[in-house]
Each structure stands twice: as structure tokens, then as C-alpha cells.
């Protein structure tokens, strides 16, 4: 049974198990030994991080663990998560590591790993690494300890890769863009790329202090960017999260468009151009029913997966699809990247604005969403509220309330101690009734 790894690596509150310096040291040694055993390659690892205060602590602890098993460590500094996947392949490394808790607040942090192909590790690999963390590993002899050095141009190399994914010669002249970098990993890279492409850039969320990542800004708080778009008379807003693997778009009126709308736009365009591989989009069970209907009307399939961009990527690789993502804003374009890339997806949206000549408000409403309601219930460590008979009964009753006119989804979050209760239904009264009844039952089970 997996105890350390969730749906996106290891994550938790800094200085609380499992996110302690001691555990990071042990994880570094275990993953180093695993790749010394498996890769038989250059024994090289790249490490990136976002702007959290605890990132320095975990960077040093992981580096020590990795070097102790003979891995040579290349430190990239603050870079977006997709840059780590890129640099792992570009530098022919055996392993890539990103230190980030993505959209979570500053007190949290996490560690996620990429294999030599730039893709996240498999469940099987993570389970084996967990076993090695528990049992301990053999360290390298003194003369075989790994070397450590910094790589100064990682963000520039990433920026060039992002720009190369766009239509050759594309420029954003005349486009006024608010870009919210969430005080995170892309706080320098995103404004620079937009400026290089000719946009009139209004940067916000670009003053990280180690504690303000995702605080009142970024993709999980688009209100800040929405207000900035309206105040500056901008044409569009691009909101990233702390590690820049998510994107949310704001139109010129201040309206927010999630990942479903962005995926709908890109899928329809790619299908029209004959470059949507497999004739389908890959998305998770959280994507809106309206997206499914929109795609179906255009002869485009929808492949649904469990929640988590890693499962989207796995299905894309299995089925030969090249476009996928999540409602939360992870957009995966596998022709250009191995994981969700918020900045790249945002730039492709801007490219569609320039190509079509349409305002952002026209492009962000590709379909009318079916009313959707999502509520979360927090639980304590060791609790299993979904196993309670009262909760199971409430779920059955809620499904009866919807009676085939909508859908109900209840799941445990893979990154936080939350039970997520989501439903969709055209009848908003039934929708609210169904969700609230389950939320109440789960909350009662937590308090029991």
C-alpha cells in the first residue's frame, strides 16, 4: 500500500511528515539508488523548484540524498514544472525532480519525479521507491559520491522551447495581456516570453517572497487578474499557478474560462486542421458534460480518466492522443511537452486570438456548461468517511434525486485531506439538493 506518494508525488505541510528534511534526504537516497540500478546511464539528475521558502531546505536535502548514492545533481533553480520534464530529456538525465506543491499555499510543499523520457514516474516505480525509503539503501563509496552544480540558463532554454511550439512567425503585436504568475516559478519567464512576442504586458504576481505563492493570485484566485484586465483595458488575462503547469484565461470583460473551455477551443481547431491525433480529447471525470456534448456535435471523441494529469498523460500515451487536460487548467499538448504546461497552453490561446481576429470573450465560450456544483469536506488523518454506511446511503439517495438527469461524483483528493463532492444537473434545485445531502452526511461521519 502506498503511503508516501499521492496522485502527484509526495506532498504535505513543510516540516510535517512526510515533508521533512530528513524524509527528503531518505527519498533522495532511495530514488538515487533506484535510478543507479535501473538506468545504467550517466547517473545525472536535474532538480527544479518553485518559489516557496521551504524549497531551499528540500533542494539541499534531496541533493544530499541523491549525491550520497553517486548521482550527479544539476540545480535548475526556480523553473516551471514542465521545464523539468524538458530539461531531463534535453540534458540526457536519468531523473528529473520538481520541488513544488503546485497550486497549494506556501506552507505546503511536494516532490515529484520525472523519468529519463521526461514523463512522470509510473505507479510501480513509485511503489518500489517507497519500499527502498522504508528499508534504506546502500550508499556510494567516498570516491563515487556525486557532484553538484548549478545550471544558469534553464529558464531561457525552456522559454525557447515554449515559443517553438507556436506557429512560425506568430507575433502578439497590439495585444494587451495581463499575466498573473502567482508569485511562483514563472514570475520572470512568462512576462519575458510575452514581451519577446510583442505583447503589451501587464505582469502581476511577480514579486515572490517565499510566503506569498498562490496567495490571492494565480489560477486558483482569478479574481485578481480579472480586476486587472478590466482596470487596464486589457484584451485578455492569463493566470498561472505556482509551478505554472495550470492556466486559466480571463476575457476582456473579466469573465473566467477554465480548462474545459480552453481544451474545447484547441480540440475543435486541431480537428479542423487534421492534427488532432486519435480523433479525441483526453480529459478527466471532472470535465463538464457540456464539453462532452460540444465535442460530440463535432465528431470528436472524449476519453475520460481518473483525476490527475498523470492519468491523462498515461491515457494519451496508451491511445496515441496528442491533446488532453483537466478542468482545473492542466493542458497537455504532447507534440511539444510531456506534462501540463500552463504558459504554453495560454500562448496557444493567444495564438488563436491573433489567427481568428476574435475577442477573447468569443473564444472562451465554446460551449454552455451544464450547471456543476463542487463542495469539499476536510477530514483528519486516519479517517475514512466514505466507508460509513450513512454516507453510502446518502450517495444512493442523491443518485435517486438526480434520477438520470445528471451525474454525481464523490472522490477522495489525491493531494489534500479532502472529500470532493461534485454533481452536474440542468435542474439547479436538484443539483443543490443532491450535493448538500452528501456533504452533510460526510461532515457528520467526520465528526462522529
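Glycine is treated like the rest: Cβ placed from N, Cα and C.
Annotation comment: Swiss-Prot describes 102 as phosphoserine, evidence class sequence analysis. In the three-state DSSP classification, residue 102 (phosphoserine) falls within coil.
According to Swiss-Prot, the feature Mg(2+) binding site maps to 102, 241, 243, 245. Every protein chain considered, the tally of other Cβ atoms within 10 Å of the Cβ of residue 241 (Mg(2+) binding site) stands at 34.
Residue 102 (phosphoserine): 32 other CB atoms within 10 A of its CB, across all protein chains. According to Swiss-Prot, the active site, phosphoserine intermediate annotation covers 102.
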Write out the long-range same-chain contacts of residue 243 (Mg(2+) binding site), meaning residues 6 or more apart in sequence whose Cβ is under 8 Å from its Cβ.
-> 50, 80, 81, 98, 100, 102, 184, 185
What other residues of this chain sit with their CB within 8 A of the center of the CB atoms of 102, 241, 243, 245, the recorded Mg(2+) site?
-> 50, 80, 81, 100, 103, 184, 185, 240, 242, 244, 246, 340, 342
